[in-house]
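Asker: Below are the features I grabbed from TrEMBL:
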type     : residues : note
REGION   : 1-23     : region 'Disordered'
COMPBIAS : 1-13     : compositional bias 'Basic and acidic residues'
TRANSMEM : 49-70    : transmembrane segment
TRANSMEM : 82-101   : transmembrane segment
TRANSMEM : 206-225  : transmembrane segment
TRANSMEM : 252-274  : transmembrane segment
TRANSMEM : 294-316  : transmembrane segment
TRANSMEM : 323-343  : transmembrane segment
TRANSMEM : 349-369  : transmembrane segment
TRANSMEM : 381-398  : transmembrane segment
TRANSMEM : 410-432  : transmembrane segment
Amino acid sequence: MSIRQETEPDDRTQPGGQPDTLPARRAARLLSKVTLDLTPIRSSRDYRVFWIAQVASLTGSQMTVVALAAQAFLLRHNSLDVGIVSAAQLVSLVFGAFAGGHLGDRVNRRTMLVTLQIAQGLCMVALALGVGLSGTTGLAFLVGLSTALALCTAMDEPVRDALVPSLLRDRDLEAGQVLNQTLFQITSLAGPLVGGVVLSLWNVRAVYIVDALTFAVAAVGYYLIRTGREKNPAGAGPSGPALRGLWSGVRFFLRHPLIQAIAVIDLFAMVFGMPRALFPQLVTDHDTWPSGSLGLLFTAPALGALLAGATGGWIGRVRRQGLGVMVSVGVWGLAIAATGLVLNSLWAVLLLLLVAGAADAVSAVLRVTMMQRHTPVLLRSRVNALFLLFVVGGPRLGDIEAGAVAHWGLRLSIVSGGLLCLTGVVITAVVWPGFAHYRRRELATDKNLREEP
């Protein structure tokens, strides 16, 4: 007589006898909320091509930063020449930002990007051909071409930023900005590293040749973008004198309360936040720190930003974006202030700079997304150019401020800078009390930003 043994149903099986995948689905859902959201790359063919083109262009540009510094020093074995080449680019960056913003709202942005990649590639070819020059002649040649290169770079950035909303659905805009921020941090880390390797294996000319090839790849990539082949809305953009067109962007900037709030809080963070000018003195004052400490100090914020981007799937789901910006800048300021209190510990300083960089990345994604969403397409390049001035000029002003205050001590300079960042958050909350309550689907008006909800 056979006996059939009855078994208890397994809690981990579904009615059909299949294993219950609910825990796995929950884990996957949780993971998707924190990992990098690749939806823009998967869903938009044009954004995918655009992103790949940026990988090539930005990596090559960061490689050239290393090559320019090396060539400038080798001309006369004088570090001052490196500073001269760097300082000469500042005027081009300012002028180029305004020129790029104005032209980007007048002509087809895709065509303009292709043209700028070709121009930068030609600069690389010229630099490669001029490597043999030396002395004062070589320095003048290097200053001239690096200035032209900086001009093209500054014109390129506001146009690239203005094109992004045209390539993505509105709901994917935050994820796209996270990807852009992550890409920038990756290339900022990888570009100099690759440039240093090429420089050590071959020479400066090889770096310039590789960069010329990356600009060629970028030009082809931008050309393959389908969006914007028709006459750009920019074609209906500002007419008349260039200064009048630029003033249109400034006027929008001054009249739009959301843009004002973003600018003020960003200015405080950029000017007072990063004590990078103090890093060499900090390393000099701690001669027991290991070699390479200076590089670690400069790398830590970028690494923090990269980690924030890699785990930034949640940023696109932040609803109260104004509050998100204020909290991020607050964390940035607190981390910098705390850095000034632990200057005797390299690893504590690096950890706090890592946190500061991550907070800055979150703030940048939210700020740029809010600005893009509320800026009319006809003004987008010019408004982006104005914000580029904050990004370029703010840290340089901060270097002066930090260096001046450091006369009374490194600790005072760093701590006061962090606290002044917090002051910027307070000022924003007082002048624009509605900013903290801004939600990403709202239209930011003067009334709902300047009044309590």
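For all residues, glycine too, the Cβ spot is worked out from N, Cα and C.
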Asker: Which listed range (49-70, 206-225, 294-316, 323-343, 349-369) shows the maximal number of Cβ pairs under 8 Å with respect to the transmembrane segment (252-274)?
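Answerer: Answer is 323-343, with the largest number of Cβ pairs below 8 Å.
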Asker: So, do the transmembrane segment (410-432) and the transmembrane segment (323-343) meet, by the test of 3 or more Cβ pairs under 8 Å (sequence gap 6 or more)?
Answerer: yes
Asker: How about long-range neighbours of the transmembrane segment (323-343): same chain, 6 or more residues beyond its ends, C-beta under 8 Å?
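Answerer: Residues 262, 265-266, 268-269, 272-275, 282, 286, 315, 349, 352-353, 355-356, 359-360, 362-363, 366-367, 370, 410-415, 417-422, 424-425, 428-429, 435-438 contact the transmembrane segment (323-343) from elsewhere in the chain.
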Asker: Which one of these stretches, 49-70, 82-101, 294-316, 349-369, 381-398, has the most C-beta pairs shorter than 8 Å to the transmembrane segment (206-225)?
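Answerer: The stretch with the most close Cβ contacts to the transmembrane segment (206-225) is 49-70.
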Asker: Sort out for me which stretch, of 49-70, 82-101, 294-316, 349-369, has the most Cβ pairs below 8 angstroms to the transmembrane segment (381-398).
Answerer: 82-101
Asker: In the same chain, which residue numbers or ranges, 6 or more beyond the ends of the transmembrane segment (349-369), come under 8 angstroms Cβ to Cβ?
Answerer: 161, 173-174, 177-178, 181, 185, 262, 266, 269, 273-274, 282, 296-297, 300-309, 312, 315, 318, 321, 324-325, 328-329, 331-332, 335-336, 338-339, 342-343, 387, 440
